[in-house]
Amino acid sequence: MIFRDGGGAVSEGQAMQTRLAIRGVEVLKGYLGPEAQAAMVADIRGVAAAAPLFSPETRFGKKMSVAMTSAGKYGWYTDRRGYRYEPRHPSGVAWPPIPETVLSVWRDLVSAERMPDCCLVNFYREGAKMGLHQDRDEADFSWPVLSISLGDTARFRIGAVDRGGSTESVWLESGDVCVMGGEARLVHHGIDKVRFGSSTLLSDGGRINLTLRVVD
Ligand SMILES: O=C(O)CCC(=O)C(=O)O
Ligand SMILES: [Fe+2]
């Protein structure tokens, strides 16, 4: 594990890092430095070229404001039939493999033996957001969910495992990584808003979130 608490000396090429815990969700601020972020974006552009972004409908028939695609054995998908994992992109092609730059974050923070089955790619254009929800379409909640933020800053809201009640929020910036595991594996969470144009990582603005999960 290469994460280090903030304030200490960091070697060349590594970003300054701070660690927060909010409702059991670990937030590793500045985990990825600018070069690592740029390399990951290039890899994600490759994923989106092979498996184009689409905006699915929720099970209630409402089109999501976030555009998405996936890499890995499965892709996350939703339509009126409900939330689920699919072995193929809606066009029929297999999902491309999860890029090595992304897997290496999982290896360093979660496991070197068991790789994630899905890397969901969420793309937030201007005005896109994601309502409070739980990640619960997976078979084994003992594996954490790891999420990587790239591009524009977003307000991440975190509630409790049960519905309702108070929430807290944290601003996620480009290069931040969140780990939702243990007691926090099933907390409600969502993206309230994105400060469009706050980062220069993506030339046309927007935010990419990568969510890595073990599915089977
Ligand atoms: O965009 C984010 O940071 C959160 C994404 C998320 O919660 C999800 O895809 O399940
Ligand atoms: Fe989620």
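Cβ coordinates come from backbone N, Cα and C, glycine included.
Remember, TrEMBL labels are computer predictions, not curated facts.
According to TrEMBL, the protein has these features:
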BINDING   Trp76, Tyr83, Arg84, Tyr85, Asp137, Arg163  substrate binding site
BINDING   Asn122, Phe123, Tyr124, Arg207, Ile208, Asn209, Leu210, Thr211, Leu212, Arg213  2-oxoglutarate binding site
BINDING   His133, Asp135, His189  Fe cation binding site
DOMAIN    115-216  domain 'Fe2OG dioxygenase'
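DSSP labels the residues of the domain 'Fe2OG dioxygenase' (115-216) in these numbers: 3 helix, 45 strand, 54 coil. In this structure, the CA atom of Tyr124 (2-oxoglutarate binding site) is 21 Å away from the CA atom of Tyr85 (substrate binding site).
The C-beta environment of Arg84 (substrate binding site), restricted to residues of the same chain at least 6 apart in sequence and closer than 8 Å, consists of Trp76, Tyr77, Thr78, Asp137. Taking Tyr85, Asn122, Asp135, Ile208 as the candidate binding-site residues, the subset whose CB lies under 6 angstroms from any atom of ligand 1 consists of Asn122, Asp135. Taken in sequence order, the binding-site residues Trp76, Tyr83, Leu210 that lie near ligand 2, meaning a CB under 6 Å from one of its atoms, form an empty set. Under 8 Å, Cβ to Cβ, and six or more positions away along its own chain, Arg163 (substrate binding site) finds His188. Annotated pair Tyr85 (substrate binding site) and His189 (Fe cation binding site), C-alpha to C-alpha distance, rounded: 19 Å. Between the listed binding-site residues, namely Asp135, Asp137, the fewest other CB atoms within 10 angstroms of a CB are found at Asp137.
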